[in-house]
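Q: Mind having a look at this structure? Questions to follow.
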Amino acid sequence: MASNERDAISWYQKKIGAYDQQIWEKSIEQTQIKGFKNKPKKMGHIKPDLIDVDLIRGSTFAKAKPEIPWTSLTRKGLVRVVFFPLFSSWWIQVTSLRIFVWLLLLYLMQVTAVVLYLLMPIVSASEVLGPLCLMLLMGTVHCQIVSTQITRPSGNNGNRRRRKLRKTVNGDGSRDNGNNSPDKVRAVETLESASSVGGFWGTLFGNRIKRVKLVSNKGTETDNDSGCFHPILKKRQGRPEIRMWQAREKAKVSDGEKCRREAYRRLGNGISDDLSSEEDGEARTQMILLRRSVEGASSDNGYEVKNRRSILSRHLNSQVKKTTRWCHIVRDSDSLAESEFESAVFSQGSRSGMSGGSRSLNLSRRDSESTRHDSETEDMLWDDLLHGPECRSSVTSDSEGAHVNTIHSGTKRDPKEDVFQQNHLFWLQNSSPASERVSAIIWEGNECKKMDMSVLEISGIIMSRVNAYEQGVGYQMLGNAVTVGLALFPFLYRLFREKSFDQLKSISAEEVLTLFCGAPPVTPVVILSIINFIERLCLTWMFFFMMCVAERTYKQRFLFAKLFSHITSARKARKYEIPHFRLKKVENIKIWLSLRSYLKRRGPQRSVDVVVSSVFLLTLSIAFICCAQVLQGHKTFLNDAYNWEFLIWETALLLFLLRLASLGSETNKKYSNVSILLTEQINLYLKMEKKPNKKEQLTLVNNVLKLSTKLLKELDTPFRLYGLTMNPLIYNITRVVILSAVSGVISDLLGFNIRLWKIKS
């Protein structure tokens, strides 16, 4: 229905727009209809030394986002909570078995409490409805948090980000080994979460370990030594380039042929510098063909296949040395660092193009190439941090048709969208900031040493300092105290309302039980009261636990910003044991901006924002209810127990929101501290005075600093708590309603009119 309305609107829009057109507009439309397919084109590439505004804004380091609207997520969350046992597999997938059992017990107790209350409506309704509302709220919040995993294809494991591909690949009669029999290969990839990762690489690249296994038809299982098996290459198993890899594994060809078939062309970086001028034309053709294979071109004829095979056979030797260097890194890494290197290096199959058995290559150039190893490894690790997981998870096999049979365990994605993400990954690889280094100063005791460091290395040191910081437990204790108080509140309210201090000294156990139940202590009422107490205790603790997680995340963001602001200060950098460098070169400014954007995007983002948004909306809702109750009758407002409970909730939530608002504001100030750039400009002028011969170069850097200052002022916005700010309409409506209600309450209490918000006409 909605699509028909949109079509009708578009039709009528074009219809009435035709009456406004002149000859020039009609001719332009005809030109646009013809398109640009017939225009001459030539090869181009992205300038790797330039930056985009996305890098300054931070959108270069994209985070996972749900593809389902928030209304659908809210509806699904409510359904999954109401019919909790029916979605047991989903809850186990997104939590764990133990947590699911615990939640199932709470769900069954809540259902029992509702049934008992409907049979005997003796106790207060707020004691039953309070835990029920908390359960619905937290279930909806959790559904929105894990929504990025819901939209992606996943198996039984909730943490798995890749598809399980079951492929049937037919042999090619024109292959060199002459193997014409059909061949089936099943590739199963699993992701495991490491329990604890320490050190620089652990804090920088997360807790992911990748293992790849190849299972043949005979039931034997062979481990891929190097594991360089990219999902895009798996997707193209049926193509001649990938069949070469299968031929080597099964026919056991000679070592010389293995070396020739080990490496594939690297995509996204243009033509290798090692190629001679006579081979440039063929190398370009090879790059175009391989890129087409990655982007999903599935209409290759036999002639094109032959051309690909011949071109590959001519130039594979020139890539053996590069493959050797990558395999070197994998072999020489240690323990957990090795697995982290493998996870990052193997994920770059579309760029490095290594084949599965490349560990058998000659590794004789190890010492002379060690410096280049580090820089190339950082390039790939940086690219993996940018959009690697998203692009890997978006691989589909819609274009393979007869070659590949894929088991889709999730929703289908548009192949054009996948191609766009893959091309976007190539752009990021070409403009990787990790390839550039800055001469930084580090302190080892009382000694000051210089060291060339990249963005990854500097950020890794900063994150290790933040992880070593001892977090406070003040807000955890506050949450626990509020949890116990809210769980015991109905009993304490009845106790102090019906008994005086003198009567409390001689109170009996039967009277305590009666006050605890709020009714004569018969068996169903006692069971209902115990269930309500357990529900209130557990669910309230879970809610404040989520708030403590949000507070911890905001604290870590503040520490990231604090240490980042100390990088250009020699005294502060030495105090906190972080690298120090000055913005005396244009390259240093570029790295400083890249580091700033990278640190701003590190850690949980959307998931924590969902929690804060929900808390913000809950606080505003409670405030609106309290204002309405006061307007209805401020003299009898405190006579009801649920109004007291609302006030306790509002006070606790406001304390947490005040903490989050202060941390967020301080974090924003640290990142938007223009005084750092102004100080560096003063340092440049001081340097000009001492070195007049470098005045032109220093003036250039000074101009770049001025532009950076203007750009940061243009892009940075004041900090706002997530919630209503995400929807301007709801934000404005709520601001008017809440402030108008508060104005009415204050005016009623004080006796004269006070207008906190004026609606402008």
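First residue shown is number 1, and so on along the chain.
Including glycine, each Cβ sits where the backbone N, Cα and C put it.
Okay, these came from Swiss-Prot:
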- 6-150: domain 'PHTF' (DOMAIN)
- 77-97: transmembrane segment (TRANSMEM)
- 99-119: transmembrane segment (TRANSMEM)
- 121-141: transmembrane segment (TRANSMEM)
- 152-184: region 'Disordered' (REGION)
- 170-181: compositional bias 'Low complexity' (COMPBIAS)
- Asn179: N-linked glycosylation site (CARBOHYD)
- Asn224: N-linked glycosylation site (CARBOHYD)
- Ser272: phosphoserine (MOD_RES)
- Ser276: phosphoserine (MOD_RES)
- Ser277: phosphoserine (MOD_RES)
- Ser333: phosphoserine (MOD_RES)
- Ser335: phosphoserine (MOD_RES)
- 345-414: region 'Disordered' (REGION)
- 347-363: compositional bias 'Low complexity' (COMPBIAS)
- Asn362: N-linked glycosylation site (CARBOHYD)
- 364-375: compositional bias 'Basic and acidic residues' (COMPBIAS)
- Asn430: N-linked glycosylation site (CARBOHYD)
- 472-492: transmembrane segment (TRANSMEM)
- 514-534: transmembrane segment (TRANSMEM)
- 610-630: transmembrane segment (TRANSMEM)
- 644-664: transmembrane segment (TRANSMEM)
- Asn673: N-linked glycosylation site (CARBOHYD)
- Asn732: N-linked glycosylation site (CARBOHYD)
- 736-756: transmembrane segment (TRANSMEM)
Q: For the domain 'PHTF' (6-150), give the DSSP counts of helix residues, strand residues and coil residues.
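A: Helix, strand, coil within the domain 'PHTF' (6-150): 104 helix, 0 strand, 41 coil.
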Q: Using Cβ distances below 8 Å and needing 3 or more such pairs, separated by at least 6 in sequence, tell me whether the transmembrane segment (644-664) contacts the transmembrane segment (472-492).
A: yes
Q: Tell me whether Asn673 (N-linked glycosylation site) sits in a helix, a strand or coil according to DSSP.
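A: Asn673 (N-linked glycosylation site) sits in coil per DSSP, no helix or strand.
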Q: To see if you understand the setup: which same-chain residues, six or more apart in sequence, place their Cβ under 8 Å from that of Asn673 (N-linked glycosylation site)?
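A: Within the chain, Asn673 (N-linked glycosylation site) has Cβ neighbours under 8 Å at Ser565.
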Q: Using a Cβ cut-off of under 8 Å, list the residues of the same chain at least 6 residues beyond the transmembrane segment (472-492) that approach it.
A: 124, 127, 515-516, 518, 532-533, 536-537, 540-541, 544-545, 547-548, 551, 641, 644-645, 648-649, 652, 655-656, 659
Q: Mean pLDDT for the domain 'PHTF' (6-150), as a whole number?
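A: Averaging the confidence scores along the domain 'PHTF' (6-150) gives 84.
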